[in-house]
Amino acid sequence: MLKIGSHVSMSGKHMLLAASKEAVSYGANTFMIYTGAPQNTRRKKIEDLNIEAGRAHMKENGIDEIVVHAPYIINIGNTTNPATFELGVDFLRSEIERTAAIGARQIVLHPGAHVGAGAETGIKKIIEGLNEVIVPGQNVQIALETMAGKGSECGRSFEELAEIIAGVTHNEHLSVCFDTCHTHDAGYDVANDFDGVLNEFDKIVGIDRIKVLHVNDSKNIKGARKDRHENIGFGEIGFDALQYIVHHEQLADIPKILETPYVGEDKKNKKPPYRFEIEMLKEKQFDKELLEKISAQ
């Protein structure tokens, strides 16, 4: 069965329950959350996440698998500022605890940025950080995200991800989040030869490592290294390629998560596209009037 959803908000007093209700309103049967704002480390106590009510609502609506995304501020690739590295290690540990408490098995992580020290140095630091964070027997996997190669990001090639995974002692606790926009922006031909890209990934990393799929179109041409998401079918990857990926038999059991932009001219009143994009992908039929329909909701 197709597992498809989007990023939803976990906030206010209802927290996980609010996230589940938002996902259901989009026709989703999975979803992804941040445990708090992605730009900071302020987090509620686990007992304040409203987990019991949230899980009950999920069960009522057939949602059995969700994903957590670690905040952007974690950078365990930083070799120039020890405080940044230590913050990343400590906070990732606590995020894994929250992920386990919520009942998610995957926490998506941007591997890290070398901030000018070079990819080789950054990758060594990421390996060091992951070896510090991972506890043997933990029931949460860290899903390293395929990156676009913007700035000094590490993980922009399958080889870099494979190097990180190989360096981690308990790498059974590592998986991969395959982002279509990032991989396209990194230079892989996701739009025209996804099977070729997937075969290359399988040879270098192993297809069984993919546990989350971020489904995004791209505003940029292949290899631009920009990381700018576009609505499904309105970017450089295109609807045909993305619906092929979403329904790919080798990725059938993997949760597909949309992170596409809100729509509308009024910056203060943009509308979420997810209900419309999920329906369109389920029906395998591109709707060229989709953006107008989203704006009109």
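Glycine is no exception: its Cβ is also placed from the backbone N, Cα and C atoms.
Quick look at what Swiss-Prot lists:
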- H69, H110, E145: Zn(2+) 1 binding site (BINDING)
- E145, D179, H214, E259: Zn(2+) 2 binding site (BINDING)
- H182, D227, H229: Zn(2+) 3 binding site (BINDING)
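The two recorded residues D179 (Zn(2+) 2 binding site) and H229 (Zn(2+) 3 binding site) have their Cα atoms spaced 10 Å from each other. With a 10 A radius on its CB, E259 (Zn(2+) 2 binding site) counts 16 other CB atoms from all the protein chains. With a cut-off of 8 Å between CB atoms and residues at least 6 apart in sequence, the same chain places V108, E145, C177, F178, D179, T180, C181, H182, I257, L258, E259 near H214 (Zn(2+) 2 binding site), listed in sequence order. In the three-state DSSP scheme, H110 (Zn(2+) 1 binding site) falls into the coil class.
Using a 10 Å radius centred on the Cβ of H110 (Zn(2+) 1 binding site) and all shown protein chains, the other Cβ atoms total 23. Note on H229 (Zn(2+) 3 binding site): other Cβ atoms within 10 Å of its Cβ, all shown chains, come to 22. The C-beta environment of D227 (Zn(2+) 3 binding site), restricted to residues of the same chain at least 6 apart in sequence and closer than 8 Å, consists of M147, A148, K150, C181, H182, D185. A separation of roughly 16 Å, to the nearest angstrom, links the Cα atoms of H110 (Zn(2+) 1 binding site) and H229 (Zn(2+) 3 binding site).
Same-chain residues that are not part of E145, D179, H214, E259 yet have a Cβ within 8 Å of the Cβ center of the Zn(2+) 2 site turn out to be V108, T146, C177, F178, T180, C181, H182, V212, L213, N216, I257.
H229 (Zn(2+) 3 binding site) and H69 (Zn(2+) 1 binding site) have their C-alpha atoms 17 Å apart, to the nearest angstrom. The binding-site residues considered are H69, H182; of these, H69 has the fewest other C-beta atoms within 10 angstroms of its C-beta. Following the DSSP three-state reduction, the secondary structure of E259 (Zn(2+) 2 binding site) is coil.
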